[in-house]
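Asker: Pulled these from Swiss-Prot:
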BINDING   G53, W55, D73, D92, D114  S-adenosyl-L-methionine binding site
ACT_SITE  K154  active site, proton acceptor
Amino acid sequence: MAKNKYSEPDYWSKKAFAENYPARSVYKLEEMNKKFNLFSPNDKVLDLGAAPGSWTVYVLRFLNKEGRVTAVDLKPLDSSVYDERLNFFQGDMFDKGIIKSVKELGPYDAVICDAAPATTGNKTVDTARSSGLVELALYYAQEQLKQGGSFVVKIFQGGDQQIHLNNLRKCFKTARAFKPEACRSSSFETYLIGLDFKG
C-alpha cells in the first residue's frame, strides 16, 4: 500500500514538534499575523475549528494576561492545550447552543477559522463543503466581531472563492486571498483575510 505523503514529517511538522505545537498549521497563522497584524496583545479571539489546537496555542502565546481565546471544535483539543485564558466548547459550530455560548463571551477582536471538511477525494464535493464552512465562519464574524476586527478563514480553491471574497469586501475595509509558505505545495487550500471590520 502506498504511503500517505502527508504522514511524512516535513520541515514544518518537525519545527512544530520542536516548538511544542500540536500541528504544523501554526506557521500559516504566524506568517499571516506577521504580515497583516491580525492580533493585539490584549485581544479577545474566537478560534473556530480549533483542534488539535496549534492556532489556539499560538494566539495564547501572543496575547498578554488580559487576552482571551474562545475555541470551538467537534474534536477535543490536544491534552497539552490548557490555559486559564481559554474557553473551549466541544461541539458543532452549526449548533445553536454553541453559537449562543460563544456570543456570551464576545464580542471579539478577531475571528479565525482553520476548519476543513472531511474530504472525499472529489474536488467538487470537497470545495462545496469547504465553502459551507467559510459561510458559517463569516456568519460568526458578522455577528460577533468588534468594529475594526480581523478575520481569517481557510478555503479550498476552485469553488466559490471569488464570491466569498466579494462578500468579505462588503464587510471589511480590506479583503484578500493569501497562501502562506507553510501550505503544502500540493494542497489546494488558501486563506481569505478580512481586515478592519466595518461593523
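From the backbone N, Cα and C atoms, a Cβ is placed for every residue, glycine too.
Set these features in their place in the structure for me.
Answerer: According to DSSP, W55 (S-adenosyl-L-methionine binding site) is assigned to a helical segment. Sequence-distant contacts of W55 (S-adenosyl-L-methionine binding site), defined by Cβ-Cβ distance under 8 angstroms and a gap of at least six in the same chain, are S25, V26, L29, D47, I112, D114.
Non-local contacts of K154 (active site, proton acceptor) by the CB criterion (under 8 A, 6+ apart in sequence, same chain) comprise G49, C113, D114, A115, A116, S130, L133, V134, E189, T190, Y191.
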Asker: Counting other Cβ atoms within 10 Å of each Cβ, which of the binding-site residues D73, D92, D114 scores lowest?
Answerer: D92
Asker: Would you measure the largest Cα separation among G53, W55, D73, D92, D114 for the S-adenosyl-L-methionine site and round it to whole Å?
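Answerer: Looking at G53, W55, D73, D92, D114 as a set, their Cα atoms extend up to 18 Å apart.
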